[in-house]
Amino acid sequence: MATLIRSKISNVATSVSNKSQAKVSGMFARMGFQAATDEEAVGFVHCDDLDYEHRQGLQMDILKSEGSEEGGEPPLEGDIHYQRDGTGPLPPSASKDQGVCSELSSQGKPKITAWEAGWNVTNAIQGMFVLGLPYAILHGGYLGLFLIIFAAVVCCYTGKILIACLYEENEDGEIVRVRDSYVDIANACCTPRFPTLGGRIVNVAQIIELVMTCILYVVVSGNLMYNSFPNLPVSQKSWSIIATAVLLPCAFLKNLKAVSKFSLLCTLAHFVINILVIAYCLSRARDWAWDKVKFYIDVKKFPISIGIIVFSYTSQIFLPSLEGNMQNPKEFHCMMNWTHIAACILKGLFALVAYLTWADDTKEVITDNLPSTIRAVVNIFLVAKALLSYPLPFFAAVEVLERSLFQDGNRAFFPNCYGGDGRLKSWGLTLRCSLVVFTLLMAIYVPHFALLMGLTGSLTGAGLCFLLPSLFHLKLLWRKLLWHHVFFDVAIFVIGGICSVSGFIHSLEGLIEAFRINSED
């Protein structure tokens, strides 16, 4: 039986249906639940279009019996294996797909509850990048607080309409799910003239956001270590190099099992750190500078704050996969409501009390404002979290790059970077190492957490969270939309476009100036 399955492996990759892909991907999301607790990066790992290769050869607990028949060691629970040119755990044949999915469903493993889905979304929008929100209040005042609320409302709405784009009405008048991912929605909007253009645009945006997330982790690691030990003769650039040396083994990653073990502990530690920061700020409530919170904005720097706030809410990428793996998809809207309400309240309070405590002295990373007695301990925990978070977006970026450039069948631009035995070729390993080094170079030449975060939020964050969902909603469902839905979609698209362009231009100007200054030094 195992031999027969191996002989059909080349046909399986092209014959698996979209429905079975979504169900198998559901198991990936379920088993990746631990990894999903690693804040922003989780969303990218869960996304269907980013785990295309996984959905072709991903094997779960149901293959344990087959592994035993061959005398091999069954895969460990929680491990994420993927097929590389006939190596690794073998996928089931096309005729077995329905049976496999039925077995998975009967075991109840692919499906998650609304609370578990909410935990994933909460960690995607409540990650360590909230440390930059007080800096946004510094340049935006009360308008910055309003923007935190506005962004929560808009992202909640666009998340819902993005899911609505997955469904259509069949001939019997029933609403059925006809698409599985963000890429599917984008391609449907560009059909028939450019059936793959939309998916490529979404993939490019995802790659940019993934790589920029990796860069931000290196930047924040160097920044936190430098400010924790200012008396040491080590510059921020040197700390970034040390952090990258620690991250270099990420180039050898084959699955996320090793890093996902620490995700939950890291996330819990981050929540504790946030509570400690708020507790310290509350202890200085008598000295709060309410008069420093202004109603006017810094025209030159506030657009950067827009990008920072938007980037902290990005979760749309993995919502289609998440909704498809819920036990009761009807609870999705309710889950989105309470997660974004909670995020809005917590982010607003955190940003406000932190700014009131330090006022005009507020730094890009708020923990740098803490007294030296506790700053070092808190920052070391945050650095550990950043380093353990780095592999997740890095792994997802490598996967989509390898699939798009090296493994996309006849459409691949370069030869496969994996050998016949499934081992990574030397030049493939060089490519991965080069990606790690690229994140280091960006962190060295542009070591500005707020600028990079603002640029990413303005470019890809606004596009994936504001512009594309509203545009896709209008394109696919405009005949069935009520007038107020059309109004909301158009307003979000226009406002999002203005904020995106403005934030991108100002962030880019700041980065160019910072790059020039660092080059002269």
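Cβ atoms are placed via backbone N, Cα and C, with glycine included.
Model, not experiment: these values are computed from the prediction.
Positions annotated as region 'Disordered' by TrEMBL: 66-99.
Taken from TrEMBL, the feature domain 'Amino acid transporter transmembrane' applies to 111-507.
According to TrEMBL, the feature transmembrane segment maps to 143-167 (among others).
Tertiary neighbourhood of the transmembrane segment (207-226): same-chain residues 40-41, 44, 128-129, 131, 234-237, 239-240, 242-244, 247, 314, 317, 364-365, 367-368, 379-380, 382-383, 386-387, 389-390, 393-394, 396-397, 400-401, 435, 438-440, 442-443, 446-449, 452-453, 455-456, 459-461, 464, selected by CB-CB distance under 8 Å and a gap of 6+ residues from either end. Under the heading transmembrane segment, TrEMBL lists 207-226 (among others).
Taken from TrEMBL, the feature transmembrane segment applies to 262-282 (among others).
Long-range contacts of the transmembrane segment (302-322) within the same chain, counting only residues at least 6 positions beyond its ends with a Cβ under 8 Å from a Cβ of the stretch, are 22, 25-26, 29, 40, 42-48, 50, 112, 117, 120-121, 124-125, 127, 129-130, 132-133, 135-137, 139-140, 143-144, 147-148, 151-152, 155, 158-159, 162-163, 166, 179-182, 184-185, 206, 209, 340, 343, 347, 450-451, 453-462, 464-466, 469, 499, 502-507, 510. Among the features that TrEMBL reports, transmembrane segment is placed at 302-322 (among others).
Within its own chain, the transmembrane segment (334-356) is flanked in space by residues 114, 117-118, 121-122, 125-126, 130, 133-134, 136-138, 144-145, 148-149, 152-153, 155-156, 159-160, 274, 277-278, 281-282, 288-290, 292-293, 312-313, 326, 362, 366, 369, which lie at least six positions past its ends and keep a Cβ under 8 Å from the stretch. The transmembrane segment annotation in TrEMBL covers 334-356 (among others).
Per TrEMBL, the feature transmembrane segment maps to 376-401 (among others).
Annotated transmembrane segment per TrEMBL: 429-446 (among others), in sequence order. Here the transmembrane segment (429-446) has long-range neighbours at 211, 214-215, 218-219, 222, 237, 240-241, 244, 247-248, 250-252, 394, 397-398, 401, 417, 452, 511, 514-515, 518-519, meaning same-chain residues at least 6 beyond its ends whose C-beta is under 8 angstroms from one of its own.
Under the heading transmembrane segment, TrEMBL lists 452-474 (among others). Listed as Cβ neighbours of the transmembrane segment (452-474) (distance under 8 Å, sequence separation of 6 or more from its ends, same chain) are residues 129, 132, 154-155, 158-159, 161-162, 164-165, 182, 185-186, 189, 202, 205-206, 208-209, 212-213, 215-216, 219, 303-317, 442, 446, 481, 485-486, 488-490, 492-493, 495-497, 499-504, 506-508, 510-511.
As annotated by TrEMBL, transmembrane segment applies to 486-505 (among others).
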